[in-house]
Each structure stands twice: as structure tokens, then as C-alpha cells.
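As recorded in Swiss-Prot:
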TRANSIT   1-58  transit peptide
BINDING   Cys72, Cys75, His76, Met118  heme c binding site
Amino acid sequence: MLQLANRSVRAKAARASQSARSVSCAAAKRGADVAPLTSALAVTASILLTTGAASASAADLALGAQVFNGNCAACHMGGRNSVMPEKTLDKAALEQYLDGGFKVESIIYQVENGKGAMPAWADRLSEEEIQAVAEYVFKQATDAAWKY
């Protein structure tokens, strides 16, 4: 799913880049300075490529919530941790103890491999489910949406 999102974002960025060239050509024909315009559009395309590709779709988040509720909530209901209460799933806690920092990839690694009392889930969940639950946990933590 994320690969499809990446393709969509790349297509949008390519269209933005093409539009920038068209606008720049038209402005240049009128003798206008096109450097600031071209630069601004390039920055916009870059932002689309870096932020849009990492965002999860509503369907991905719904699957992530379903996987979380069916597999993770026994220990992590509402973002808590019933085994080690200090290691919640809020952003500040995840920033402290995730190997690799607070990012989806670090959550994926921990879900796949486990750590401490947390078991590895790579043999029980599909790659799609792990990706979705990692994006869900990341989004919940980023938005401070866990309900304690």
C-alpha cells in the first residue's frame, strides 16, 4: 500500500515539476525573473515527495487499528503497557526506548523482532499487517491520541 502511495506522490511531484517548467517558460517569454518561482515550486515538489510518501492512508490506519486491537491491546490497551507501565506508546516514551528513533521503521523493527518482555510478531503477522500497525501506533503517538 505504501508503494502505491509513493507512486501517487511521485506522480503529483512530476506534475508539479512540469507545471513549474511551463509557468517558468511563459514567464521567461515575458522577461520575468523566474528563479524565485522555479525555486518555490521545486521546494513544494520536494515536500510532496518527503511527507506524502510517509503518510498512511485511512485504509492503512483502519487495518492498523484492527491489528492493534486484535493482537497488541492485551498489553497495550489505550497506548499503555500492562507489563512495564513506564514504557507506554506515547511519543515521549517511544522516543526514549525505540532503537533507531521515533519513526515508523523503528516501530516495524520492534514489532517484528520484539524486545525485552515484548514477543516478536514477524511469524504471526503479515508484512502488510506489521506495516499497518506500525503506522497506526506512530500516528496515535504523533497526534497524542492515546486515551489513558
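Even glycines carry a Cβ here, placed using N, Cα and C.
Owing to the predicted nature of the structure, the values given are computational and were not obtained by experimental measurement.
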Fewest other C-beta atoms within 10 angstroms, as judged across Cys72, Cys75, Met118, which are the binding-site residues: Cys75
Intrachain C-beta neighbours of His76 (heme c binding site), sequence separation six or more, cut-off 8 angstroms: Phe68, Ser82, Leu89
Cβ-centroid neighbourhood (8 Å) of the heme c site, Cys72, Cys75, His76, Met118 excluded: Ala73, Ala74, Asn81, Ser82, Val83
Maximum Cα-Cα separation in Å among residues Cys72, Cys75, His76, Met118, which the record lists as binding heme c: 11
